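Marked as GTP binding site by TrEMBL: B:127-134, B:209-213, B:273-276. For B:294-307, the entry in TrEMBL reads domain 'SRP54-type proteins GTP-binding'.
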C-alpha cells in the first residue's frame, strides 16, 4: 500500500490541466480529491481533512498561476502554505515561571514516550539553557517506570526525585517541588504514568496534581504514528487538563505523522518539540513547514519551487514572455534563460528534486553535464550581436567561425540553431492558438 | 434469522465470561462505531450511494485505511445488489458478516498459538517502541502459568533504560524466572542463554522480549534477524511463534510495520494492544486482508487477565453488540 507522494499523484491529474493560466473550480475539485487522499493516508483525522480541504479549495480557485509554477505546483503550494499556517509558527520554547522553579507536567497515553521525553527535555534544558532541572518519578503504576527514569538520570547525571511506588503521585509531585525549592532547581519535570484519556480515576489524579503544583507547562506527549483517534485523545486531555503544548515522538520512523495536524486542529496548542531518535539529545524543535511537507509526502519539490521563485527574476520573466508572444525571442534571451536556470544549482541536483524523476527510466543514472550548458553558452557568446538577434543570417562560414570561437564542433552549432528555430516555430503556433482560443500560459524549456 | 442473531446464539452457548470480557473491553470502541452506524441506519431507510459514502467515512475513522475501505464497501455493494437488499437495517447485518469473514480469514489460518505438545515452545515478541511488548509478555506468562505450564522469560530488551527491571517485576508478580544479562549486552546472547536455561530447567514455554525498534532502522532490524537466527539454530523449528505487538491507536503506519517486521522475522501473528481506549485498531483489517497475518491476542484492559485470545466472532460481536441489540428493540 505504498502511497506515492502527493506531488506525483497530482502530476498525473495535472496532465490535462497543464498550460492553463488560471486554476478553475473543476481543476481544484479534482486535485482536492488527491489532497484529501494524501491527508487520509497520513492519518489526518477525517473531519480535519474535510474542513481543511474546503478551506484550501476556496483559496485555490481562481488563483493566477505564478510564472514559475505549473498549476499542479501552484495548488501544492497553496495546500502547503495553508498546512504550514495551520500548524502554527515555530514555538520550541518552554515556559519560564516568574518565580522558579518552573513546573512542567508530562502527560499522555501509555507508550507514547513520556519518560524518554522527560529525560530528553531535561537534557535540553541543561545543555541549551543552562538550567538545573529536577526529574520527578510520578509513574507509580508501570513496573520499573521509576527505575527507567533513574537510569536516565544516571546517564545524564541529573537528580531524580522518587518516593517509591507506594506514595500517591500527588504527594510525590508536591514534595518534589519543596525539594526543588530547597535545592534551587529552576525546573521540575514531572513524569506521570501513561493513561487512557477515558480512564476517569487516573485523569482525576492528573487534575489533582495540576491543582496542587500549579504547573507552568502541561506537555501532552503523543506518538507520531497515532491514527484517527489522535483527535479524541488530544481533545480529551486538553479539555480535562488544559495542555499548554505538545511533544510529538517517534518521528524518526517513516510515518507521515498526520496526527500532528489533527492535534493542532482540535487543541490549537503549539507543537513544541519532536522526538527524533532514541538518544538523549534527539529532541528537536518543531518545524511546521517540514511537517507539512512530510504529511503531504512531497519530498523536495517545494525546495525546488522555492529555488525557482528566488532565482527567477519576475520582471525578466515577464519581459521574456512578452518577447515569446511576439515571437521576437533572440539568442540573447535564450542565454539569459540559461543563466537563470544555472543559478538554481547543478542540473542533476534539480532533477533529483523533481517528484517522479527517480522512477523515470534512464533519468536515474543520467548525469546531466553542466558542461553541456556551458558549451551552449560558449556558442552563443561567440556570435556577433547581429547574429544573436537574427540567427537566420548565420551561414556556413559564420557557423565555422562560431565553432572555432567557442571551441565546439560545427555540428553542435548546427544543432543549437536548429533547436532554437524549432522553439520559435512552436511559439508562433502557440500564439496563433492563443489568439483564437483562450489565454494560455506558456513555459520555456527548463521551467 | 439474521447473521448477527445466529452469532449471538452461538456465542451465548459458549463461555459467557469471555464474551462479556470482549463486550466490556470494547465498550468505548463499540460506542464509537455502533452509535455511528446506528445513526447512519436510522437516517437512511433506503440504501443508496450516500449511505455507502458515509459508511466509508465511519470505517476510515476507525483507521481501516482508504484502500481497504474502498474494497470492503465495493464488496458490500455487490452483496447488497446480489441479495437485492434495500433496507438499511439488513445491510448492517451484512457488514457484521463481512467483518467476521475477514477476521476469520482462510479456514487453515488459525488464531490460536502454535504450542508444542512436548518440548519447548519459543515465542518471540517484536514491535516498535511503546506498543506494550513487555506488558503483553507479563500477561501471557500469567496465562500460561495458570494453565500449569513452566514458563521462562528472556530479557532481550537490553537497550531501553529500565526494560530489564520491568520484565523482572512481571516475573516476580507472576512467579516465573527471568533470564537476563546487563543493559547494553547482545540480545542474541541473551536468547542463547535463555534457551540453554530453558532446556536445563525443562521449561514448556520461553517468552522472548526484544527492544522496541522503528521498522525503518535497518541496523536494528538486522539485529532482530540475528536474534531470530540464533533461536533457529539452537532449536530447529523455533521460534514457534513470532508475535508482532501493535498498538491499536496506530494509524496507517501499522501496515508498514507489519510488512517490515514480517520481512525481517516472518511474523506469525499479531497482538493488538490498548483496545480498551477509543481507538478501533481498524488497520488490522487491512493487515489481515493484505498480509494474511492473523490477530492472535487482543489487550482489552490493564489487568493481568485482560489479554484475551482473539476470537473473530466474539470480537465482531463485541464491536456491534450494543448496535444490533438496540436495532432489534426497534
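Glycine is no exception: its Cβ is also placed from the backbone N, Cα and C atoms.
Taking the features listed in TrEMBL, we show where each one sits on the structure.
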residue : record           : contacts (Cβ under 8 Å, 6+ apart)
B:127   : GTP binding site : B:133, B:212, B:244, B:245, B:246, B:257, B:261
B:130   : GTP binding site : B:212, B:247
B:210   : GTP binding site : B:124, B:125, B:126, B:133, B:156, B:157, B:187, B:224, B:227
B:213   : GTP binding site : B:128, B:129, B:220, B:221, B:223, B:224
Near chain A: which of the binding-site residues B:130, B:210, B:275 have their Cβ closer than 8 Å to one of its Cβ atoms? B:130
Just counting, how many other CB atoms are there within 10 A of the CB of residue B:133 (GTP binding site)? 28
According to DSSP, which kind of secondary structure is residue B:133 (GTP binding site) found in, if we only use helix, strand and coil? helix
Near the Cβ of residue B:275 (GTP binding site), how many other Cβ atoms are there if near means within 10 Å? 26
By DSSP, how many residues in the domain 'SRP54-type proteins GTP-binding' (B:294-307) are helix, how many strand, and how many coil? 3 helix, 6 strand, 5 coil
